[in-house]
Amino acid sequence: MTDTAFDVIVIGSGPGGYVTAIRAAQLGFKTAIVEKSHLGGICLNWGCIPTKALLRSAEIYHYMQNAGAYGLKADNVSFDPAAVVKRSRGVSKRLADGVGFLMKKNKVSVIWGQAALTAPGAIAVTASKTEAPKGALGAGRYQAKHIILATGARPRVLPGLEPDGKLVWTYFEAMVPPAMPKSLLVVGSGAIGIEFASFYRTMGAEVTVVEVLPQILPVEDAEIAAFARKQLEKQGIKIHTGAKVTKLDKAADSVTATIDDGKGATQTLTVDRVISAVGVVGNIENLGLETLGVKTERGVVVTDGFGRTNVPGLYAIGDVAGPPMLAHKAEHEGVICIEAIKGLDPHPMDKLKIPGCTYCSPQIASVGLTEAAAKAQNREIRVGKFPFAGNGKAIALGEDQGLVKVIFDKKTGQLLGAHMVGAEVTELIQGYVVAMTLETTEEELMHTVFPHPTLSEMMKEAVLDAYGRVLNM
């Protein structure tokens with residue numbers, strides 16, 4: 001095998017791509033990974049990780065502003081926007097550099113440039129505009145028995161809301177503001193939009209959110225979304241649902257938006273900046289998919305539960321293979337894909353058991369069916385709920401606003417879904433994910449011992465509530 005021939009080539013080095021490459025190398029495949037911009041992809045460089053660093057700064061700033069509630073004094077609290085951004089970028093760089101280390105450790109060859117399919121088992125790589133890491137292979141033609149697309153996604157652009165990098169931002173610009181805007185319009189209320197709305201509001205900006213659908217956080221359980229909306233509005237975020245931005249008029253350093261409320265009335269709003277957070281689309285362009293006749297649908301590559309496309313030897317994972325467009329889904333999908341290639345007979349991807357998390361304040365986390373989705377399947381269900389206000393640890397933390405909700409099949413006791421809003425729920429949700437994955441019943445959950453005092457006790461109490469046995473409410 002020559003230096004340009006491999007067993008496996010992964011195109012894209014985001015969480016799905018680099019994890020797949022590592023697992024391929026562990027399984028004995030001669031492996032290469034192609035990247036055109038930054039090792040670690042969007043998640044490590046411009047998405048999941050740096051946003052959490054920003055939100056952590058906002059969280060600490062909030063606690064310092066409210067130190068009196070904890071018997072502490074912190075006068076004249078302020079922040080340095082440049083330092084906040086610098087810390088976020090430093091966190092990102094540290095983890096992205098770690099991906100380079102992992103590639104070397106696992107003997108994965110890095111190919112630097114833009115890859116395109118040219119024939120079955122073959123790609124052409126053209127030079128990238130970004131500087132290649134030391135030791136990376138460059139432009140040229142490469143072959144592999146198995147090629148895995150992990151090219152990720154990019155911000156969706158709507159007509160009339162085109163980002164310009166100055167007044168109208170995507171998450172790229174929102175992550176590195178040269179100065180904190182005093183007022184902000186966020187178009188879209190999915191995880192990205194709500195996280196940025198939460199961050200900028202905590203840092204002092206006047207924030208308005210416009211969502212075209214009837215509820216914010218459209219993929220979440222309606223009750224949880226309503227609870228989150230109430231808390232966000234208490235913080236001063238203005239929210240318009242069932243509405244849309246129909247026009248943007250730009251001035252030198254501001255934007256005036258025309259908002260249709262969906263009921264025949266319009267209003268205008270002038271803000272310093274606009275964030276377009278209307279979702280993402282898969283990166284399927286310029287990959288040579290048409291050369292091989294790769295099947296796509298609604299802007300993503302069509303795959304089965306093992307990442308296989310309609311073209312033998314070609315696979316797709318992560319955002320480019322469709323929703324849910326989450327880093328942890330991409331990682332798991334990649335491992336399933338490469339283990340299936342190896343013949344290890346893994347379980348196919350089960351998208352129902354993929355948790356979703358939104359890291360605003362309060363946090364939101366969920367897995368499985370919403371109450372509405374369960375009812376739409378004509379299931380008889382039991383619903384249990386437990387409020388943070390009934391939990392000792394939550395009260396001690398000063399975080400008594402939240403809700404845990406679980407949904408069970410009434411006949412079988414199967415846990416169908418779990419939904420949470422409140423402090424640290426993004427860390428708690430995994431308990432329910434494990435329970436669903438192991439097909440745990442309600443009886444097993446009710447007889448599991450949870451430590452006291454912890455927030456996790458609410459998880460058991462919600463289960464008990466579904467069966468009329470709640471103890472602390």
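Note: Cβ is positioned from N, Cα and C throughout, glycine not excepted.
Shown in sequence order, G392 are the residues of the chain, 6+ apart in sequence, with a C-beta less than 8 angstroms from the C-beta of H452 (active site, proton acceptor). Annotation comment: TrEMBL describes H452 as active site, proton acceptor.
For K52 (FAD binding site), the same-chain residues lying six or more positions away in sequence with a CB closer than 8 A to its CB are Y359. The FAD binding site feature in TrEMBL is assigned to K52, D319, M325, L326, A327, H328.
Per TrEMBL, the feature NAD(+) binding site maps to G188, S189, G190, A191, I192, G193, I194, E195, E211, G279. In sequence order, L217, P218, V219, A277, G279 constitute the residues six or more apart from G190 (NAD(+) binding site) in its chain with CB-CB distances below 8 Å.
In the three-state DSSP assignment, the secondary structure recorded for C43 (disulfide bond) is helix. The disulfide bond annotation in TrEMBL covers C43-C48.
Mean pLDDT for the domain 'FAD/NAD(P)-binding' (6-334) in the predicted structure: 97. What TrEMBL records for 6-334 is domain 'FAD/NAD(P)-binding'.
With DSSP states grouped into helix (H, G, I), strand (E, B) and coil, the domain 'Pyridine nucleotide-disulphide oxidoreductase dimerisation' (354-462) comes out at 39 helix, 33 strand, 37 coil. The domain 'Pyridine nucleotide-disulphide oxidoreductase dimerisation' annotation in TrEMBL covers 354-462.
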Neighbours of L326 (FAD binding site) among the recorded positions C43, G188, E211 (Cα to Cα, within 10 Å): C43
Neighbours of C43 (disulfide bond) among the binding-site residues G188, I192, E211, D319, M325, A327 (Cα to Cα, within 10 Å): A327
Between A327 (FAD binding site) and E211 (NAD(+) binding site), the C-alpha gap once rounded to whole angstrom: 24
For C48 (disulfide bond), the one of G188, I194, E211, D319, H328 that lies nearest, given that the binding-site residues are compared by Cα: H328
L326 (FAD binding site): tally of other CB atoms within 10 A of its CB: 22
Nearest of the binding-site residues (G188, I192, I194, E211) to M325 (FAD binding site) - Cα to Cα: I192
Beyond the site residues G188, S189, G190, A191, I192, G193, I194, E195, E211, G279: chain residues whose C-beta lies within 8 Å of the centroid, for NAD(+): V186, F196, A197, I216, L217, A277
